[in-house]
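Listed in TrEMBL for this protein:
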TRANSMEM  45-63  transmembrane segment
DOMAIN    53-278  domain 'Ion transport'
TRANSMEM  122-143  transmembrane segment
TRANSMEM  180-202  transmembrane segment
TRANSMEM  253-275  transmembrane segment
TRANSMEM  395-417  transmembrane segment
DOMAIN    398-658  domain 'Ion transport'
TRANSMEM  429-448  transmembrane segment
TRANSMEM  469-488  transmembrane segment
TRANSMEM  508-531  transmembrane segment
TRANSMEM  543-563  transmembrane segment
TRANSMEM  633-655  transmembrane segment
């Protein structure tokens, strides 16, 4: 009936507007049941459950064998780690897999069978689940004693496929790979040529005393290649050149040329090329997001214009204001935007909206979120008004900064004076007394500012919230110190009482005071600009950071599997030779150090995340001979992906964001009572191209499930 059709059109418009708000694709089923399922799937509860499931399955690596649940990673001091019984983590894993099965089933149904075969991510999702479930069954059949668990390496995929922004980032990285490969190939040629030069230059001679460079670094091709590869990272500089330099100063020219060409030219050339190829990535991504938003709004207009209440005599499609108000009542969107759109509708004198008017209404979504600070209280007393003026003036804040600086200087003076004293010789009276004085001043300053500005206005400034919170914490700590140890007096060194000793509590107070000194940042214009820009970048680069987590996690799990059983605890080195293939050389003392280092860095998932240090220390500082040949491939791959490629990509993206944000903020005049809260989409708003009417309608007519009337 007409009523059922109208309800369907209303629900379609609601979903399309919500898709536009979240920059989602509108290519999904649009019948009544599918729309209900779609809204349920994208509800906060379902998305929260999905995010929690991904977090849980990734966190399992920290408690699975080998467990990371120890205070220290040092094998000499740590207690045996608790390892969960077989079936415990597997049961949690199965629950996570069931959630993922429901997730992929709902997604596949909503986009339709034809779209499913075009979606490579969904097909990869299903394949990952099949492999993971198969590996899970194999694990149980071996009673959790199997040495390799493939599903652990696949876990980061669940995080990857759940973020559209991370997928876009990967797509852009994929398009950048050919240019990166050319520079990496150039680096390989540079490395190979200098390796051959080095082997010829430091060849073995008759005098064994003069062959230290050959013995340690250039004995054969793999060792020579590894030595120069590590030199490219500067981790073994200047150690690698010391034996040759001791023999003849002229040998340093070889290492200087290698470092200059490799580090100063080729590595920076790689950064420049990656930046040049990658700098348009974010703009293209935001442009496609804008198109999705405009397409969602236009789709909502088209279905609302199909309502039976729309006048048939209208020469062009239009939507009634009443229908739009009905839709807005049910749409989940920011209350600020909803109220602004409703105000615009009430001010509109017409009953019908054209496509252009409809689209213009929803441009409110693209505007800056403006945070206006509440007004200061109005006092009747003339004396209080003068106090309000004095303590609300910026100079009062500057005075507070000077006092905070004086506090920092006094702490530094005491720390320098007591640096060489034994704990029994230290007198905490002076430090305790000055801390008490400064904390009382901070409390007075906070109360006077609240009097001048009012509590709501005071808390509306993040710097004041930060300042006030630390002041309250400092006051509580100081009261606790006095309650346990009494008031400061000469020779104030009471015995340990309570949870913390007096010195521990004083140290904690001092650390908070030092941290509180960051309050000066808002008062320094350019420093504040840099810090706020970096904070905004952190919020807007979550997708890129997510892929970084995926890379770290995958290498950490791979490292655990590769080096499991290769670590011999200290004091038990008699079997250490059998733990490594014959290519490893038997330097027993250094080997113990290497094994201990590997124990600390790749024995568990938590420690494995610090493998950036491992490549440098294992391949250079602790001698390249101590690491098996096949293990070098793992560490070199880690260095190439994380340091050479990934860090440069991150620098490129950081530069693009920072430069654009810097320019925008420098152009805008600062307003004291207004703060602009910008997202990455809003940063590029003025350089984006609006999609044309023809582009939108062409895309709508290609919708696999929506049949338009025109």
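Just so you know, glycine gets a Cβ as well, placed from its N, Cα and C.
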By Cβ distance under 8 Å, which residues at least 6 away from the ends of the transmembrane segment (180-202) in the same chain are close to it? 213-214, 217-218, 221, 224-225, 227-229, 232, 244, 251, 254, 257-258, 261-262, 266-267, 269-270, 273-274, 277, 640, 644-645
Can you work out which residues elsewhere in the same chain, 6+ from the ends of the transmembrane segment (122-143), have a Cβ less than 8 Å from its Cβ atoms? 86-87, 90, 93-94, 97, 100-101, 104, 107-108, 111, 116, 149-151, 154, 157-158, 161
Close approaches to the transmembrane segment (253-275) from elsewhere in its chain (Cβ under 8 angstroms; 6 or more beyond its ends): 176, 179-180, 182-184, 186-187, 190-191, 194, 197-198, 201, 228, 231-232, 234, 237-238, 240-241, 244, 644-645, 648-649, 651-652, 655-656
